[in-house]
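J.: First, the structure itself, so that you have it in front of you.
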Amino acid sequence: MHHPLPPDDTLYDQVRPILWTGHFLKLLDQRKLPFVVEYVECHSSEDVTQAIRALIVRGAPAIGIVAGWGAVLAAREIEAVDGIEALRKLEPALQRLHAARPTAVNLAWVLARMRRTLSAAHADWRQAMAREAESIAREDLTANRCMGAYGAALIPIGSGVLTHCNTGSLATAGFGTALGVIRAGIAQGRIARVFAGETRPWLQGARLTVWELQQDGIDVTLIADSAAAHLMKSGQVQWVIVGADRICANGDAANKIGTYQLAITARHHGVKFMVVASAATVDMDTTAGEAIEIEQRDPEELLGVSGVRTVAEGIAAWNPVFDVTPGALIDAIVTERGVIQSPDAAQMRATFGN
């Protein structure tokens, strides 16, 4: 633990996975972490689409930010006199970007923003798109710092926390959502212990979260996903803090597979459960979790580790990437607009409209 408390929590935020050079996009290849730190260059919208699909970039906010730059790159491949004509010509590329990861509502939200920008733009439509992409990234970082402060305020001094998947700088423009709350809680001296689940099958916790925290000098203990209940029973954890890829109008939240079972386990052991995500992740048009499209990935991902097969030939595997945690199991939803405790449809409506 770092006890000299920094006056500025930027000390705990050193990683940046998305770099726009002005000409092309550089993405930290998250498939190769933690042992290889390598950036992949994207020179076209198709490069960006493939990077999203291949999990070179992941995390709902980061996917949205990258899609914005993908739209900017697509704009270089067409000619148009104004934004309306450009939008008509760009629509196929925008739809391909959206199809790369359909569960992440941020992706659709960013593409909708780019469409609105184009609809209002004149001859300078390319510059308008670039300004919008920059704004999306800047707003995300600002929102994350805001969420960090709101979420940390809920955590008593001396608490232990458990997180799942990766919700930090690697998944956002910087600082992170759930990991941003943890960063803020560490900086304020509220959090005494941090645990991270490995997050099979892509091991985002083991490969990414613990590496990211290590870069920032934050002590973290890795656990097997299957050890979470025993950890909670031991009394070392007071809060589970996770992100979300989509939050419904009733407070249900879709997040990385394994989140739902953590919420059930937390409720049984009297451990609080916090979901941290930007307001862009809230989808008031989706009334409940049952309506969310759950992405299924290649079953082969479950049959080995880092390309080495560990399962006998001929075995079937089921590989949903997300699950849905009912709002009734969530103690707090934290966005940049504030905290919703014990979320339900009425509270969600009061905060997010519709």
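Glycine is no exception: its Cβ is also placed from the backbone N, Cα and C atoms.
Since we're looking at a predicted model, the values are computed, not measured.
Just lifted these from Swiss-Prot, have a look:
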ACT_SITE  Asp245  active site, proton donor
BINDING   Arg58, Gly59, Ala60, Arg101, Gln204, Asn255, Lys256  substrate binding site
SITE      Cys165  site 'Transition state stabilizer'
J.: Residues with Cβ closer than 8 Å to the Cβ of Gly59 (substrate binding site), same chain and 6+ apart in sequence?
T.: Asn166, Thr167, Leu170, Ala171, Thr172, Gly243
J.: Give me the Cα-Cα distance between Asn255 (substrate binding site) and Asp245 (active site, proton donor), rounded to a whole Å.
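T.: Distance between the two Cα atoms comes out at 5 Å.
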J.: In whole Å, note down how far the CA of Gln204 (substrate binding site) lies from the CA of Cys165 (site 'Transition state stabilizer').
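T.: With the alpha carbons as reference points, the distance is 5 Å.
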J.: For Ala60 (substrate binding site), which residues of its chain lie six or more apart in sequence with Cβ-Cβ distance below 8 Å?
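T.: Result: Ala104, Val105, Asn106, Leu107, Ala171, Gly243, Ala244, Asp245, Arg246, Ala277, Thr281.
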J.: So if I draw a 10 Å sphere around the Cβ of Arg101 (substrate binding site), how many other Cβ atoms end up inside it?
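T.: I get 23 for this one.
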J.: Centre the Cβ atoms of Arg58, Gly59, Ala60, Arg101, Gln204, Asn255, Lys256, go out 8 Å, and tell me which other residues of that chain have a Cβ in range of the substrate site.
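T.: Checked against the 8 Å cutoff, the neighbours are Ile63, Ala104, Cys165, Asn166, Thr167, Ala171, Gly243, Asp245.
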J.: DSSP secondary structure for Asn255 (substrate binding site), reduced to helix/strand/coil, please.
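T.: DSSP assigns Asn255 (substrate binding site) to strand.
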J.: Among Arg58, Gly59, Ala60, Arg101, Gln204, Asn255, Lys256, recorded substrate binders, what is the largest CA to CA distance in Å?
T.: 17
J.: Quick one: of Cys165, Asn255, Lys256, which of the recorded positions has the smallest count of other CB atoms within 10 A?
T.: Lys256
J.: Under 8 Å between C-beta atoms and at least six apart in sequence, can you list the same-chain neighbours of Arg58 (substrate binding site), or say none if there are none?
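T.: Listed in sequence order: Gln30, Asn166, Leu170, Ala171, Gln204.
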